[in-house]
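Colleague: Residues or ranges marked as 3',5'-cyclic GMP binding site by Swiss-Prot: 532-654. The compositional bias 'Basic and acidic residues' annotation in Swiss-Prot covers 149-191, 725-735. Per Swiss-Prot, the feature region 'Disordered' maps to 142-191, 715-735. For 1-214, 268-292, 336-342, 450-735, the entry in Swiss-Prot reads topological domain 'Cytoplasmic', with the evidence type a curator's inference. As annotated by Swiss-Prot, topological domain 'Extracellular' applies to 237-246, 312-316, 367-389. The annotation transmembrane segment is assigned in Swiss-Prot to 215-236, 247-267, 293-311, 317-335, 343-366, 390-424, 425-449 on the grounds of similarity to another entry.
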Amino acid sequence: MAKINTQHSYPGMHGLSVRTTDEDIERIENGFIRTHSLCEDTSSELQRVISMEGRHLSGSQTSPFTGRGAMARLSRFVVSLRSWATRHLHHEDQRPDSFLERIRGPELVEVSSRQSNIRSFLGIREQPGGVNGPWPLARFNVNFSNNTNEDKKEEKKEVKEEKKEEKKEEKKEEKKDDKKDDKKDDKKDDKKKEEQKKEVFVIDPSSNMYYNWLTIIAAPVFYNWCMLICRACFDELQIDHIKLWLFLDYCSDIIYVFDMFVRFRTGFLEQGLLVKDEKKLRDHYTQTVQFKLDVLSLLPTDLAYLKLGLNYPELRFNRLLRIARLFEFFDRTETRTNYPNMFRIGNLVLYILIIIHWNACIYFAISKVIGFGTDSWVYPNVSIPEYGRLSRKYIYSLYWSTLTLTTIGETPPPVKDEEYLFVVIDFLVGVLIFATIVGNVGSMISNMNASRAEFQAKVDSIKQYMHFRKVTKDLEARVIKWFDYLWTNKKTVDEKEVLKNLPDKLKAEIAINVHLDTLKKVRIFQDCEAGLLIELVLKLKPTVFSPGDYICKKGDIGREMYIIKEGKLAVVADDGITQFVVLSDGSYFGEISILNIKGSKSGNRRTANIRSIGYSDLFCLSKDDLMEALTEYPEAKKALEEKGRQILMKDNLIDEEAAKAGADPKDLEEKIDRLETALDTLQTRFARLLAEYSSSQQKVKQRLARVETRVKKYGSGSLSVGEPEPEKPEEQKKD
């Protein structure tokens, strides 16, 4: 430990003498000594400062705290004591938070003892990254303005360096964040890729592709249902064409296998969307009964051929379990065909033939088991050449099956018990199945003739009416011809009746598909809004005119406009014979008269006679329907009126003075009518309110009367709020 010898002669001529070695000073400054006590730290610190001052004043007899620079030395001594006092304070490690660093500014960094002492004395905060070099004591005199300027410059440099470092750190953090974002994006992309991988190829059950596959799979199913029973019962058929049957059998098996893959990829709707997840598709199919039947239909029962031989096609009867595919094909075809009634009849006939075919094969098999020709019921003896042929065997069995199931004609009676049992079952099956089939056929035929019967009923009622009213023969003939034209050209369909079960959206789409192109041909509707055109399309009504019919006559009030769909119309003179112009498909007329354009010289009246040359199909749009549609489109109404006004001005058919004069008297009349209707509604509402008011007044009067009676009986005290009514005497209660 350093020893301190001081002479207490301050402020005398003798200075403080310190005896210590250089090694001790280095150990004290660098901290490579044992743990000191508080007194030892104080002594070593004082010795270090005083020795440094003693070196500068060596050879001088004056006191270190007197003379030139005394104040600076004294201040350094005081600062060294303060720095020593704060040396052992515990400094917390700061959080590596860039946000907090930006908020609270640059940090304070520990520097060498001399620099910290001097700067604390001057009140200067040093930023981190400062220069930790030695501070010459000679610079510190009374006038230390130069030192402060240099400190400020150094501080500015340090601040700049810190800002650069902060920017570098921020860039590094941004790079890290970008890398994290890139990793997140990569993860999202990987998830999307995984989802895309999950979405496998799916067949929409309502698509043409699925229907085409049903057509393919229906062929082997129908083959198995027709040929397996026939080959099992007629041995000659199986033996003579064994190679053909093997080829067809295994081709059908291959199609069966592919059909299972198709079922695994057949989508289904979940919440209105087609499911494309492989696992869901697989679970949806495997949980159905049809999956079990499909698996059973593919069991390799053909392996028994290796032991029993190839003459046992009944081993393949499990292939018949795919019958659901055949029914599904028939259902899809029925919804797609344009002739559903004809298809239903053909489908029922096919079912009848299959039932008769199976019954015939079973009859021949029973005859073979009992013995050919053993009695009159079984098939005759095959040893007879006439009955030994394969074609005769099948046709005879088919004939017997048809007679038995339809109960038409007589068949040989059964002899043995098993024969009786088989005939009884045949009769029951025939009665049940054929009663159902014949009933369905009858209803289908009646449905096919329903439209004709309904139309004929209308014609008959018109004939009876004309006969009752004694209509002329010429007019009656024209009416009958008009009905014949409607029937032959299939124009008897009431579109509203047919489309009434469809939603409004589909009705609009059908109407747009049928009538929109025709409506766009009209000049005033060419630039209209799409919504208005759709409204008008739904209001178009088809009409048919006979030869010689007048569509409109000159001077008639125009309440409709017409668009020619098919046929020819002629603009004729007053005599009805002279033709001025012939109008054909796509032409239109009467569009100006339904707009009520102010100043029109013709008003709303027709300006020409138009007559049908032959049968003509026209679309009619009434004025009321147009105005009803235009109520929701006021701007479109103004545009239509402006277009109509321009057309009239081109043809010099508008009176500009009348248009500028004001409203048309007819328009005023219409407004007056509307005001009258509004006034009527207001009067009814006022009468209702008046009745309610009078009833409420009566109730108030009744309540006031009751209050007055109570006041008279019990006095004013009974009217106090919250006070109960006085009890009535017992005599009054009895009364």
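Cβ coordinates are placed from backbone N, Cα and C, and glycine is handled just like the others.
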Colleague: Using DSSP, how many residues in the topological domain 'Cytoplasmic' (336-342) fall into helix, strand and coil?
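Modeller: For the topological domain 'Cytoplasmic' (336-342), the helix, strand and coil counts are 4 helix, 0 strand, 3 coil.
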Colleague: Which listed stretch (215-236, 247-267, 425-449) has the most C-beta pairs under 8 A with the transmembrane segment (293-311)?
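Modeller: Comparing 215-236, 247-267, 425-449 against the transmembrane segment (293-311), the winner is 247-267.
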Colleague: Can you work out which residues elsewhere in the same chain, 6+ from the ends of the transmembrane segment (317-335), have a Cβ less than 8 Å from its Cβ atoms?
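Modeller: Apart from its flanks, the transmembrane segment (317-335) reaches 211, 214-215, 217-218, 220-222, 224-225, 228, 232, 252-253, 256, 259, 290, 293-294, 296-297, 299, 301, 343-344, 347.
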Colleague: When you check the transmembrane segment (247-267) against the transmembrane segment (343-366), do you get at least 3 Cβ pairs under 8 Å, counting only pairs 6 or more apart in sequence?
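Modeller: Not in contact, no.
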Colleague: Could you tell me which three-state DSSP class LEU532 (3',5'-cyclic GMP binding site) falls into?
Modeller: helix
Colleague: Within 10 Å of the Cβ of ILE564 (3',5'-cyclic GMP binding site), how many other Cβ atoms can you find? Include all protein chains, please.
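Modeller: Step by step: centre on the Cβ of ILE564 (3',5'-cyclic GMP binding site), count other Cβ atoms within 10 Å, giving 22.
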Colleague: Please spell out the DSSP helix, strand and coil residue counts for the topological domain 'Extracellular' (367-389).
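Modeller: DSSP classes over the topological domain 'Extracellular' (367-389) add up to 8 helix, 0 strand, 15 coil.
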Colleague: For a quick check of packing: other C-beta atoms within 10 Å of the C-beta of SER612 (3',5'-cyclic GMP binding site), how many?
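Modeller: That number is 21.
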Colleague: What average pLDDT is reported by the model for the topological domain 'Cytoplasmic' (336-342)?
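Modeller: Mean model confidence (pLDDT) across the topological domain 'Cytoplasmic' (336-342) is 87.
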Colleague: Reduce the DSSP letter at SER612 (3',5'-cyclic GMP binding site) to three states and note it down.
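Modeller: Looking at the DSSP assignment, SER612 (3',5'-cyclic GMP binding site) belongs to a strand.
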Colleague: What is the number of other Cβ atoms found within 10 Å of the Cβ of GLY644 (3',5'-cyclic GMP binding site)?
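Modeller: For GLY644 (3',5'-cyclic GMP binding site), the 10 Å Cβ neighbour count is 21.
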Colleague: Just to confirm: which same-chain residues, 6+ apart in sequence, have a Cβ under 8 Å from the Cβ of LEU532 (3',5'-cyclic GMP binding site)?
Modeller: ALA629, LEU630, TYR633, ALA636
